[in-house]
Amino acid sequence: MSLARTILWLSRPLRPAHSLCRAQFMERKAQKPPSPPAMENGTRSWEERPPADPVATVTEGAAKIVFPSANEVFYNPVQEFNRDLTCAVITEFARIHLGAKGIQIKVPGEKDSEKIAVDLSDQEEETAGKNENLAPGDWPRTAAVGEICEEGLRVLEGLAASGLRSIRFALEVPGLQSVVANDASARAVELMHRNVELNGVAHLVQPNQADARMLMYQHQKAPERFDVIDLDPYGSPAPFLDAAVQAVSDGGLLCVTCTDMAVLAGNSGETCYSKYGAMALKSRACHEMALRIVLHSLDLHANCYQRYIVPLLSISADFYIRVFVRVFTGQAKVKSSASKQALVFQCVGCGAFYLQRLGKASGDPGGRIKFSAACGPPVTPECEHCGQRHQLGGPMWAEPIHDLDFVGRVLDAVTTNPGRFHTSMRIQGVLSVVTEELPDVPLYYTLDQLSSTIHCNTPRLLQLRSALLHAGFRVSLSHACKNAVKTDAPPEALWDIMRCWEKECPVKRERLSESSPAFRILAVEPRLKANFNIREDANPSSRQRGLKRFQANPEANWGPRPRARPGGKAASEDLAGRRRLLQNKRKEPAEDPAQRAARLKTFPCKRFKEGTCQLGDQCCYSHSPAAPVASGDIPIEECPETTTKISPGPKAAAGGIPGPGVD
């Protein structure tokens, strides 16, 4: 068969197949496919639609939100405790604020009989009978969750991200007039609109796109101010504080979160000063000092506008701190702000600290308060206990950081309605410890700090607390540290107690350097005779009841999340690997072995000069007589190749030259 006939024969069966495929394609295009069931979003599977962004759904409290799985909108589930506590605090603030207007709030799951104790006397029964005859419009007004209260609170969340916090306010906090959920990101505002519609709170929550500072500056006038401002930024809130203290109403509530704990805890004192106007110190009480520095910064900003703060609750939890303060206006009260701030003198050796107030307020016979400069310093140039120098920190807030009456109200509300929040048990534990803290005693010591200073065994918590109570001092725990010792005992009394404890668990004095803090502290005989017998009141109530005071790590790789970035990677994507990559990035790299060997060869070998070096070329030091001698720079390092101990030469035995080594 010829080549042309072969090609013609092979092409014959292909033509019908090609025609059949084309006919089937045209017929399929003309036919309408069967209608499959609609999906949840109302789109059928056969319809052409743009690919949707991958989203994740989160249910927290009464709110349900969706947010991109990519790290485009910031969300951290570990801060659920923060949001639960904020809802509880704003609820009690609304109860106080609206109660003055005769409006009673209704909280889901809360019984009126549990919240208000009613003792019906004869007169009250008559009043109750009169109320039955009142017109419906004259009955006491109430505010419920999810309803607009015309005289209620105007709330601003300056950095709302996904809008979760604002939506929870609308669904869980009664007595609200409006909630403005603001964010500078267009993507975040778009997501907020979606979540607001999803939860059915569009009548209360108003998503807004603007710079948080400009928005607050635009609401400086008294009629336009917000009753509650919530600031939960990524990192430091310092850029927003000046605008916040102006935009909150008189007596309004300001809620601020700080997650830049590395700065506030003393790692970068100069950075802390540039942001908050105070120097942070590295100390065991760094978390409480961070709270007091933020309160000082808030009061300092408010004083510029004849305003001042009153702290309601200040919490250090996990990797952040959270403060709730009320802001008032009053020129006379502002004058006392200087006397509420203090500098901190802290010994670098034993850790003893002293406070120096910036101002002094004293009363005159006429009943007026006179303000003057304080006198100081309260310390000598060297520590009287260990002889070391002092570091200067602050200024910081030196007044109470909690309003115990308000904290008690929040604690009672959470205790009587434990099902309201997912973290109710932790809120009860933390607030219980807060109510036990000494309000007029700033900062604290820790058990391990006291014992490690004098190199002795650590006493039990109840033993040290009992010794302080037997000596006539007050002592408490701190919510910021589980082994804290907050006491009004002066440092000399505290070290006397530790000296008495050391006598029961002696330290080998011959192993202590004469210039060490331990040697100098233990060289003094105690004037106070400590009694370590356990007292019943040494064990705090929160500890006896086994409350959840200090939570363990909630999940793996918990802590601060990456900053939200448009089109960024998911927050959990290779997060552990990135942390390993950036770990110790500021440390100097290890010296290369070859470079180290070359560096050591620049120093002469002392044993070679004495004629006792038996290593020859294997010695890590130079055997050249003309090798340069760099006095003061010669390291005292043993040669790594040395395997046997070489006895010193005759000059070394006579005391002219030290033992084996390098000059």
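In case you wondered, yes, glycine gets a Cβ from its N, Cα and C as well.
Annotation source Swiss-Prot lists transit peptide at 1-16, citing sequence analysis.
Residues or ranges marked as domain 'Trm1 methyltransferase' in Swiss-Prot (evidence: sequence analysis): 56-498. Model confidence over the domain 'Trm1 methyltransferase' (56-498) is summarised by a mean pLDDT of 91.
According to Swiss-Prot, the S-adenosyl-L-methionine binding site annotation covers ARG83, ARG165, ASP183, on the basis of similarity to another entry. The number of other Cβ atoms within 10 Å of the Cβ belonging to ARG83 (S-adenosyl-L-methionine binding site), over all protein chains shown, comes to 22. In the three-state DSSP assignment, the secondary structure recorded for ARG83 (S-adenosyl-L-methionine binding site) is helix.
Annotation comment: Swiss-Prot describes SER121 (among others) as phosphoserine.
If you look up Swiss-Prot, you'll see CYS347, CYS350, CYS383, CYS386 marked as Zn(2+) binding site, on the strength of similarity to another entry. Shown in sequence order, PHE353, CYS383, HIS385, CYS386, GLN388, ARG389, HIS390, GLN391 are the residues of the chain, 6+ apart in sequence, with a C-beta less than 8 angstroms from the C-beta of CYS347 (Zn(2+) binding site).
Following the DSSP three-state reduction, the secondary structure of SER516 (phosphoserine) is coil. Marked as phosphoserine by Swiss-Prot: SER516 (among others).
Summarising the annotation, Swiss-Prot assigns region 'Disordered' to 534-574 (among others).
For 599-626, the entry in Swiss-Prot reads zinc finger, with the evidence type sequence analysis.
When secondary structure is read from DSSP and collapsed to three states, SER624 (phosphoserine) falls in the coil class. Counting every protein chain shown, the number of other Cβ atoms lying within 10 Å of the Cβ of SER624 (phosphoserine) is 11. Summarising the annotation, Swiss-Prot assigns phosphoserine to SER624 (among others).
The annotation region 'Disordered' is assigned in Swiss-Prot to 632-663 (among others).
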Practice item. Drop a 10 Å sphere on every Cβ of the recorded positions ARG165, ASP183, CYS350, CYS383, SER516 and tell me which sphere holds the fewest other Cβ atoms. Key: SER516
Exercise for review: Could you tally the C-beta atoms, other than its own, that fall within 10 angstroms of the C-beta of CYS386 (Zn(2+) binding site)?
Suggested key: 22
Revision key, fill the gap. Reduced DSSP state (H/G/I helix, E/B strand, rest coil) at ASP183 (S-adenosyl-L-methionine binding site) is strand
Review point. Under DSSP, is ARG165 (S-adenosyl-L-methionine binding site) helix, strand or coil?
Key: helix
Exercise for review: Round to a whole number and give the Cα-to-Cα distance in Å for the pair CYS350 (Zn(2+) binding site) and ASP183 (S-adenosyl-L-methionine binding site).
Suggested key: 47
